[in-house]
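The domain 'Neurotransmitter-gated ion-channel ligand-binding' annotation in TrEMBL covers 34-237. Annotation source TrEMBL lists domain 'Neurotransmitter-gated ion-channel transmembrane' at 245-302. Residues or ranges marked as signal peptide in TrEMBL: 1-22. Annotation source TrEMBL lists transmembrane segment at 240-263, 270-288.
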Amino acid sequence: MKRNSMSFFVSLWLLFTAVVHQAVESAKGKYAHMLFNELFEDYSNALRPVEDTDKVLNVTLQITLSQIKDMDERNQILSAYLWIRQSWYDAYLKWDKDKYDGLDSIRIPSNLVWRPDIVLYNKADDDFSEPVNTNVVLRYDGKITWDAPAITKSSCVVDVSYFPFDSQQCNLTFGSWTYNGNQVDIINSLDSGDLSDFVEDVEWEIHGMPAVKNVITYGCCSEPYPDVTFTLILKRKSSFYIFNLLLPCILISFLAPLGFYLPADSGEKVSLGVTVLLALTVFQLMVAEIMPPSENVPLIGELYV
């Protein structure tokens, strides 16, 4: 009897808690709609959200490298999957959270607010589509945080002289396309790119992603243009190429001197020489298909020759 009475009170308490939680969520939803209507009644996302037009708007940039999708050495293009975080303060999107039942943040579509036009300068892609229209987090003090995923294709100068034991450094340069440094300034959130969520690649090792801020004055304009350059330091994993390109080449090369020890009247002497030559030519063509057509011939290519 006591056990049934205890179970009844527990069920009654859980039901009461659920009802209170639902009522709180409904109240927050009501205040969120009210806040949204009041904030965007006379808001415009066409102009910089600063009260003084001479004031610089600071945009904090953070890049998280999630995955290296492809490294095209021949075309010198790096494809990477990034998470781009931008945060700034909007002077016209503030509110007193006490008037809205302690509501301190809301999530709204990013196309409703002003967004900085920060792009990848060294982009090597024909697609000029708009950024992903993910939600932004708007805080009561006007701080806006925008997290957006992006698959970037950037140009990268590749040096394959020591292939397959080479290291590469690829730059990702981000900056505003239309605003100069007196209007929008870019600030590094970290001293390097975030690699905590990086998915390990089968071909490349990541040895760092330092970030450097640059302020450049172009010949066309007298205003400074700041940008942030992330240098991706890559080290190739050479095991695959050692067993599939280097070792077969060395073994075949050891067969070449045998042709000098065979008698001149032996029919196998010519066959051995031609076979070794064709085998090395095949491996040379395999390497040539991977490497860019530059003057820097990789050492493994010189070995085949």
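Just so you know, glycine gets a Cβ as well, placed from its N, Cα and C.
From a predicted model like this one, the values you see are computed outputs, not experimental measurements.
Mean per-residue pLDDT, taken over the domain 'Neurotransmitter-gated ion-channel ligand-binding' (34-237), amounts to 89. Across the domain 'Neurotransmitter-gated ion-channel transmembrane' (245-302), DSSP assigns 42 helix, 0 strand, 16 coil.
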